[in-house]
Amino acid sequence: MISKGANINGQDHLGNTPLHCAVEKNREDMVKVILKTKVKKFNKQNNNGRTPLHLACMKGHIDIAHHLLQCNPDVNIRDNTGSTPLHVVCNEGDTDIVRLLLHLPNTNVSMADNDGNSPLHHAAHCGHTVIVRLLLHQTGIHLNIVSNSGDTPLHLAVLKQHYDVVALMLSQSDVAVDIKNGNKMTPLLQAISGGHLGMIHKLLSHGADINAVDNDDNNCLHLAVKKGMFHSEGEALGILDEFCTKLELSLENKLAGCVVAEYLAYHGANFYHENKRKQTPMDLIEDPGLREKMKTFFPPPLPCMWCEENKPTITFRPCGHSVICEECCSKIPLKKCPECLLCITGKYGVDGSPFDAESISTCTICMERHWNMVFQCGHTTCKECGGKINQCHLCRKTIETKIIVRQ
């Protein structure tokens, strides 16, 4: 038919050329014949935006992909979903075709599709460990690239519980373990929601923030207590046996949510952090006896060590202790945790955001000047506002003493 003048570049009602059809049906002989003709449109897209190379990658036709690549097609052309051939094959999992594409100097390894997903997102989501490793070795790869939903490849690997992929990503020195997605979920919070103890342990050992909170201000303990049972692929934690014994539970229950919660609290998680419903993780423990036992190991926090009135709302890193309220923290330049004497590398509020001492040091009346006057109750204003009042504007106590301090 070709010798009799058939249109080798013609398209059917689906937009497929003869080359598309030969590739899809794995007719290597026909592909070779067509490529020897005057076919000019190697990059011709069908109605779905797919080129013959897209189809070869989708079907796993390695030999045909090799023939097509010898014709120098556009390897970064995107279909209607924004996917390049590399996106497609990373989703399908054909390692040999991935190697072919990565061998080309112009293959874009971090291009995002319409959902903001890179080829690494697809490989991590599908659990293709070898492909993930190949991608991580590429120059220009963005390990922490964020999709439209805020997910990194690590988020997706955790979500789909691909333990080997998670372990591989955590072995990279530049991996970011605390990025929050659109639901303010970190990979650690996702691992806890999914009940995967091995991933939890891996993430914690790589410095994941134990005090991160989600959209509803739930911390890891809220999620753990509500989770029925966990599973432990990849990690066997003997310390859970000890926690079971402390709670007077059988070893059959060592993967129960309350036991895992105790393990997380042991690493610094707060049993008394309130979510948006004003519930603490301790409130969510349904068994009253178990709740009281847990309180003996993790008693309610004492008031702020300085004012002895407010709740401690500032968490120090790396130790995780919370012994001071925001107001006192703005006045006292602590460099070491008074509880454990570790050097403080960061101070964080109840929502997990970095503590902004500048905003706390503003006068709470005029909201413009810095405070420089302290009352005997511990509350503060600037001297201009404080000089005009005889009753504390916050606690309503009569002001007996006004102390001017230098800031």
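In case you wondered, yes, glycine gets a Cβ from its N, Cα and C as well.
Nobody curates TrEMBL annotations by hand; they come from automatic prediction.
So that you can see what the record holds, here are the features copied from TrEMBL:
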- 304-340: domain 'RING-type' (DOMAIN)
- 363-396: domain 'RING-type' (DOMAIN)
- 14-36: repeat 'ANK' (REPEAT)
- 48-80: repeat 'ANK' (REPEAT)
- 81-102: repeat 'ANK' (REPEAT)
- 115-136: repeat 'ANK' (REPEAT)
- 149-182: repeat 'ANK' (REPEAT)
- 183-215: repeat 'ANK' (REPEAT)
Going through 48-80, 81-102, 183-215 one by one, which has the most CB pairs that fall under 8 Å from the repeat 'ANK' (14-36)?
48-80
Summed over the repeat 'ANK' (14-36), the DSSP helix, strand and coil counts are 16 helix, 0 strand, 7 coil
Are there residues at least 6 beyond the ends of the repeat 'ANK' (115-136) whose Cβ is under 8 Å from a Cβ of it, and what are they?
81-82, 84, 86-87, 90-91, 93, 95, 98-99, 102, 109, 142-143, 145-149, 151, 153-154, 156-157, 159-160, 162, 164-165, 168-169, 172
Taking helix as H, G and I and strand as E and B in DSSP, count the residues of the repeat 'ANK' (149-182) in helix, strand and coil.
15 helix, 0 strand, 19 coil
Arithmetic mean of per-residue pLDDT over the repeat 'ANK' (48-80)
95
Contact set, same chain, for the domain 'RING-type' (304-340): CB under 8 Å, 6 or more residues outside the stretch
210-211, 267-270, 346-350, 355, 357, 360-361, 374, 378-380
By DSSP, how many residues in the domain 'RING-type' (363-396) are helix, how many strand, and how many coil?
4 helix, 7 strand, 23 coil
DSSP says what for the domain 'RING-type' (304-340): how many helix, strand, coil residues?
6 helix, 6 strand, 25 coil
Tertiary contacts of the domain 'RING-type' (363-396) (same chain, 6+ residues out, Cβ under 8 Å)
307, 309, 327-328, 331, 402-407
